[in-house]
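*Asks:* So that we are looking at the same thing, I have put the structure below in structure tokens.
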2 protein chains.
Amino acid sequence: MHIHLLLVEDNIDLANTVIEYLEITGIVCDHASNGQMGLNLALAQHHDVILLDILLPRMNGQQVCKKLREHGNQTPILMLSSLDALADKLASFSVGADDYLVKPFELPELVARIRALSLRRSGQANRLQVADLIMDLSARKASRNGQELHLSPTGWTLLECLMRASPAPVNRERLEAAIWGDKLPDSNTLKVHMHRLRKAVDKDFAVALIQTLPGIGVQLGAICAKG
Amino acid sequence: MHIHLLLVEDNIDLANTVIEYLEITGIVCDHASNGQMGLNLALAQHHDVILLDILLPRMNGQQVCKKLREHGNQTPILMLSSLDALADKLASFSVGADDYLVKPFELPELVARIRALSLRRSGQANRLQVADLIMDLSARKASRNGQELHLSPTGWTLLECLMRASPAPVNRERLEAAIWGDKLPDSNTLKVHMHRLRKAVDKDFAVALIQTLPGIGVQLGAICAKG
DNA sequence: CGGTGGGTTAACGCCAGGTGAACATTGTCG
DNA sequence: CGACAATGTTCACCTGGCGTTAACCCACCG
């Protein structure tokens, strides 16, 4: 997965040095040599990160940053500047910058910061998938074949346990431990929860994903048509 | 809107100075004085940002950071260190840090970086958007489908918190912390505010954006028609 | 036949959450 | 100063979802 970056910098030598180094590490670079051009480029197409020099012809870096944010652009912005003054840093952060690096800097550090910025924003979609069954862990939603499933908290726990194990079967004890930890309730509560989970997951579909292996446990993901 | 922060730092004097300053700016601080304690605290409860010293007793900052990420914790982490060596910076970023600040630093810069990290779509001093719901942060106005919404200060804080988290759900504790910081009121005040927020946001529309996931929390942005 | 492991269904009680109104606090303006 | 509006807080009550229990069903196997 390539990082796509925009560098706005008027010093041609510095720009070339930076771009050359970044391209070697696998970062794809666009380049603009003045503020106005940078703004236009940033608005015209998507970048994962923007590097902004502050002292630029036509429009300075802070103005570019401010205008981008005013347009609703949320791309992570790293300010580059030879100005080490506190006031410049504060001004940059206040117009919406995400990081600030003082020249001269070491190129590996720049790369590390670029990576950190692009990762944070990439919305780590935390999901599990088995066949057409999808669990979105961060949004806490489950869906099958695009249709959203309604799960109770216990049903969710149960399904998560099954999906993590899939395609291996999970025995009764492990499921009980997943829900209640040490102190198990008596009676056949687990059966009821499993039943409800089946209704939620398999009811409206031709293929049953939840399978019981008698004497072994329950398994998710074996592909068998329903009888 | 309170930022909730964890400082892991063994130098008591420095820690006190930092905490005192941060609290003045409205940032609520937890504090751990060694790596192991810091790790436990970070795993035990939610923070918006974590400040990690590198040279710590029991477990150094990079190890803490690494272990946190291995546990799936994605809280933004800012490394603080007197080490200015490139190798230390690179090592920190490679274990999942988001920023790195060399001691001694100026407190206002620290605050600016904390803010940038905690606002998830940071800086973007301007708009938050979820579906047709838009918050204009600079003008402090919210609208849905073009129609302006009337929000009380608390309602605003609540909505901002939900929008920043969206589509992830936010639990009760985090909402309470966002409004009141440390000192929570008793009784069911939060319920009332949520109720009013719902009236303001969802009352006149066919699609309800605010949804409660029983036992989990409240979520913004699930697209479901109202019953 | 009855035992055993599992499936199905209905009933019950608890409690997190929802609701509307009353009360308290603050600030503004005539 | 006093009235009023806007907001935050508290209270009492309602509701529905969820977890649990129990009772019954079925199929397979000795």
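Glycine too: its Cβ is placed from the backbone N, Cα and C atoms.
All TrEMBL annotations are machine predictions without curation.
Pulled the feature table from TrEMBL, pasting it below:
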type	residues	note
DNA_BIND	B:125-222	DNA-binding region
DOMAIN	B:4-118	domain 'Response regulatory'
DOMAIN	B:125-222	domain 'OmpR/PhoB-type'
MOD_RES	B:Asp53	4-aspartylphosphate
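Help me understand the surroundings of these features in the structure.
*Replies:* Broken down by DSSP into helix, strand and coil, the domain 'OmpR/PhoB-type' (B:125-222) contains 36 helix, 29 strand, 33 coil.
Following the DSSP three-state reduction, the secondary structure of B:Asp53 (4-aspartylphosphate) is strand. Of all Cβ atoms in the shown protein chains, 25 besides its own fall within 10 Å of the Cβ of B:Asp53 (4-aspartylphosphate).
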*Asks:* Between 0 and 100, where does the mean pLDDT of the domain 'Response regulatory' (B:4-118) sit?
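*Replies:* Looking only at the domain 'Response regulatory' (B:4-118), pLDDT averages out to 92.
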*Asks:* By DSSP assignment, list the helix, strand and coil residue numbers for the domain 'Response regulatory' (B:4-118), in that order.
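*Replies:* Taking the domain 'Response regulatory' (B:4-118) as a whole: 54 helix, 25 strand, 36 coil.
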